[in-house]
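Trainee: Residues or ranges marked as signal peptide in TrEMBL: 1-19. The domain 'Peptidase A1' feature in TrEMBL is assigned to 92-404. As annotated by TrEMBL, active site applies to Asp110, Asp294.
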Amino acid sequence: MATFILLLLMSIFSTFIHAIPTSTSQGISRRSVTVDLPRNPAYAPNGPRQYSRALKKWGVAVPGDVDDVTNSFRGGETGDVNAASIMGDREYLSRVGFGTPFQYLNVDLDTGSADVWVYSSETKVEEPREDIFVVEKSSTAKLLNGTTWMITYADSSYAWGHAFHDSIDIGGIPLHNAVVQSAVAVSHSLSADKDIDGIFGMAYKLHSQVIPKQPTVLETLQAHLDKPLFTADLKYRSDEGAYTFGYIDSDRHIDEIKYTALLPNSTFWEFNLTGVHVAGQNIWYLQNWRVIADTGTTFMLLSPDVVDMYYSSVPTSRQDRSLGGVWHFPCNTTLPDFELGLANGWVATVPGKYINYTVFEDMPGQCMGALQPFYSEDFGILGDIFLKAVYAVFDVAGGRIGFAHKDLDL
Ligand SMILES: *[C@@H]1O[C@H](CO)[C@@H](O)[C@H](O)[C@H]1NC(C)=O
Ligand SMILES: *[C@@H]1O[C@H](CO)[C@@H](O)[C@H](O)[C@H]1NC(C)=O
Ligand SMILES: *[C@@H]1O[C@H](CO)[C@@H](O)[C@H](O)[C@H]1NC(C)=O
Ligand SMILES: *[C@@H]1O[C@H](CO)[C@@H](O)[C@H](O)[C@H]1NC(C)=O
Ligand SMILES: *[C@@H]1O[C@H](CO)[C@@H](O)[C@H](O)[C@H]1NC(C)=O
């Protein structure tokens, strides 16, 4: 029953939720984290690092100076790319180049999946698309013979194709021999979104769906970065947001970054949320909820009891069973801010204004909440609605996620 409602919710708003591959909820993609990275032809040759990796793999302590040398051999590169709000923050798109010379496409940087795929000259679509990766125009495209991939997202939309080695320009950082997945077929529910030219997965340690297994673009990128991290500063109804790679942009946050460890063995940017609070109420609701920070999901999706608790403070709100359990309210309702606390004491405030997501087409005067229930026993999703209220640091090497406050345009 719960699954049924979830699927209904997902299908109604299918274009809004396309991150998080389905395998997540079944735990299929969960694999253990080890230091044994797959061999990656894109890594710049780095003897010291390979040595220290080999030592670590076999459980041998790494002498201090070797680790120091390793650090000084980091790629040293930094970059950034715009994150432009599309359709009232339905998604955020960034321009990323593929091939030689680079062909720039608008892709959705998605921390909730690990595949980097694009519409290409190989994609069979009903209606022609404006911007695609024309494989034939890239002098460096090299088919990875025998590779296939298929990704099914939580809303049962899907895409499949095969993979190339080719160059990528992400935020001005050139990656060579990165694994670029070219779509051969894409489900209508995905291709109906004409704004997105591809999805750029940046999940923590998740493998991509490419068979046989290939290094992810994030692994390839990580080796190039000055600091092995990237940051997200999504902005409310604005194209001034940005992702930075290899550095933290101190102009984009106003206080100290507080880090939280990712949950052990998680392949996602997953951590514990430890408390929630509705502004104006006396009580904090304390419990551990596993949540995944996901730039590729529009909404904040939390356990139904938390969501009920929030809307119980909004007397005009209503949960619509005929719409798969979606919460809505008259558009003139002023929503309270929602606070989320972490184990390290850090508290994020999601402004009530952000939770007023959009007006319903079929129900004029009724607005849909950006906080909605997620009928998973396991975890919740902190999508864009949360992320645009914070400055987020995705520390790949540190296995942690950091947050700071920033100036919100309210
Ligand atoms: C791809 O692999 C298949 C079977 O392994 C082989 O028959 C074919 O010649 C290969 N094609 C290229 C272009 O290498
Ligand atoms: C993490 O993985 C290790 C090794 O596979 C395992 O021993 C451990 O129980 C796992 N921890 C959790 C919390 O799943
Ligand atoms: C996260 O929450 C779970 C469930 O309460 C708890 O068992 C676990 O120890 C917590 N992990 C961390 C890292 O706080
Ligand atoms: C919102 O609009 C309804 C009519 O559509 C009205 O009855 C109500 O008083 C309004 N509420 C506020 C807070 O303005
Ligand atoms: C809620 O959002 C709708 C649609 O964007 C807007 O028309 C309405 O004024 C907003 N309501 C409030 C109280 O800000």
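Every residue, even glycine, has its Cβ placed from backbone N, Cα and C.
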Trainee: Using a 10 Å radius around its CB, how many other CB atoms surround Asp110 (active site)?
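Mentor: Its Cβ shell of radius 10 Å holds 25 other Cβ atoms.
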Trainee: Hey, how far is Asp294 (active site) from Asp110 (active site), Cα to Cα, in Å?
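Mentor: With distance taken Cα to Cα, Asp110 (active site) is 7 Å from Asp294 (active site).
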Trainee: Sort Asp110 (active site) into helix, strand or coil using the DSSP assignment.
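Mentor: Assignment for Asp110 (active site) reads strand.
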